[in-house]
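Engineer: Take this structure first; my questions come after.
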Amino acid sequence: MVSTTLHHHPPRSLSRFLSCSTKSRSFHSKPTQCSSQPITDQPPSSTSSPPQSQILSIRHSLLSRHVTATQLAESYLTRLKLTEPHLKSFLHVSDQVLNEAQSLDLQIERNENIGPLAGVLVGVKDNICTMDMPSTAGSKVLENYRPPFDATAVKRFKESGAIVVGKTNLDEFGMGSTTEASAFQVTANPWDVSRVPGGSSGGSAAAVSAGQCVVSLGSDTGGSVRQPASFCGVVGLKPTYGRVSRYGLMAYASSLDVIGCFGSSVADAGILLTAISGYDRLDATSSKRAVPDYTSQFISTELLDSKPLKGLKIGLIRETLGNGVDIGIKSAVLGAVSHLEELGCTLSEVSLPSFSLGLPAYYILASSESSSNLSRYDGVRYGNQATADELNALYGDSRATGFGPEVKMRILMGTYGLSAGYYDAYYKRAQQVRTLIQKSFKNALDEYDILISPAAPSAAYKIGEKKNDPLAMYAGDIMTVNVNLAGLPALVLPCGFVEGGAAGLPVGLQMIGAAFDEEKLLRVGHIFEQTLQGCRFIPPLIADCNAT
């Protein structure tokens, strides 16, 4: 049995990593880019200013009558039209965006109250159900499926005034790390269109990065919000399991799946989380805990003192900076460590001995659950039906033609792991490892306020580079899967760059908190983001669009 003993080291132990980091901490020196955001009445920010909340800016613009919702919608749709041929972020773009924006303008003219997300265009990952709009999970088996209902998360942000701009691309049923496993198209990274945006929520991350929408929803089973956020240079927030209703989310691994948020700032991700969180009687796993007002954590930089995070104890997970992590990633993360220390945090290295066991345990558990969950797509209960003369042939042909190779492989893996004679050797042991991981994180978070790590062991890699090497692709999830196994919240935000592409490739810092402590993550992330100097995470594709 693996020990769950927590090993603490004083702050000076970080020198082991600092000494091996040969590259400069580029977040202090990376050239800035111009703003990517569509029109509002806000004055253009300086190139060194931190990211501002687009949601709050839009609300101010609408209420001050300087800009209409229709103008804002047209601005985003224009950018989407310009960039979509390069990126392929969306599987479907709604034809009702302008109609909904015009209805909002009429409400404002009549001085009616508008919701906190009024006029905000939201991209929705295509495994989250949207009424009268295609919801395919990136799979041929659900091609042309239009649900008769909205997922609870979608229903809630619509009630807050937001507009669905469209459905974003993903790896089929959320099974993948690059968005190459979509049955319909391959999404590109706005920082370098020859590279992947990450996955499985690559379309949602790329859409926010490229300014095609204000914020977006994704799902996170083993890192599918956080890794794409890192690759695309945006903020990705995975809530605590149970904080957001899963009703309307097409199940992959039900004990791990979480709906998460993407934004261009921590504030936007937090505001969206506020809108979609809370108990839902349609999801038995949703929590009845009261939802705090996350916006209260977003303090203006003018009100911060010189050490705004003084007294905060942060643990850097030792196992996340070892072999297999690119040196540029280590450099950027250690630069973020220095910045956190400048803000007053006490940083120490912490060891989670069971951390390396998370990856194999995750793939056994997730594949096993997917084997069960995807059995419903048989051409009779759900899914497109193949033509066959006999019932078993109908089942087999519907699944054979409907599912892609990655989904088939995971179903086979999961069925094998659950089969007689192998259950104890695989599934049961993986559940035991999950318990060890949960205890390990609990012990660490009893000692530290927040744990940090890279969000991924590398920056975005080339399209096709790992498609034929699934084990190498799976290994890229090592930083994120443990958080899902433990059911904890995590926030990823840009912290630096590595070399690659025309303007460098973004690197994400992962912050992990105790269960239902999203408030602390958002507060720390917001202060970190607002005090990071001389760095704007605007991809070159958008700068080029602005120039034209």
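Heads up, residue numbers simply count up from 1 along the chain you see.
Each residue, glycine too, has its Cβ placed from N, Cα and C.
Straight out of TrEMBL:
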ACT_SITE  Lys125  active site, charge relay system
ACT_SITE  Ser200  active site, charge relay system
ACT_SITE  Ser224  active site, acyl-ester intermediate
COMPBIAS  35-53  compositional bias 'Low complexity'
DOMAIN    72-522  domain 'Amidase'
REGION    28-53  region 'Disordered'
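Can you tell me where each of these features sits in this structure?
Structural biologist: Within the same chain, residues at least six positions away from Lys125 (active site, charge relay system) with a Cβ under 8 Å of its Cβ are Lys167, Thr168, Leu170, Ser201, Gly203, Ser204, Ser216, Leu217, Gly218, Ser219.
Around Ser200 (active site, charge relay system), the same-chain residues six or more apart in sequence whose CB sits under 8 Å from its CB are Gly138, Leu170, Asp171, Gly174, Met175, Gly176, Ser177, Thr179, Ala181, Gly218, Ser219, Thr221, Ser224, Pro228, listed in sequence order.
The Cβ of Ser224 (active site, acyl-ester intermediate) has 36 other Cβ atoms within 10 Å, all protein chains considered.
Per-residue pLDDT, averaged along the domain 'Amidase' (72-522), amounts to 97 for this model.
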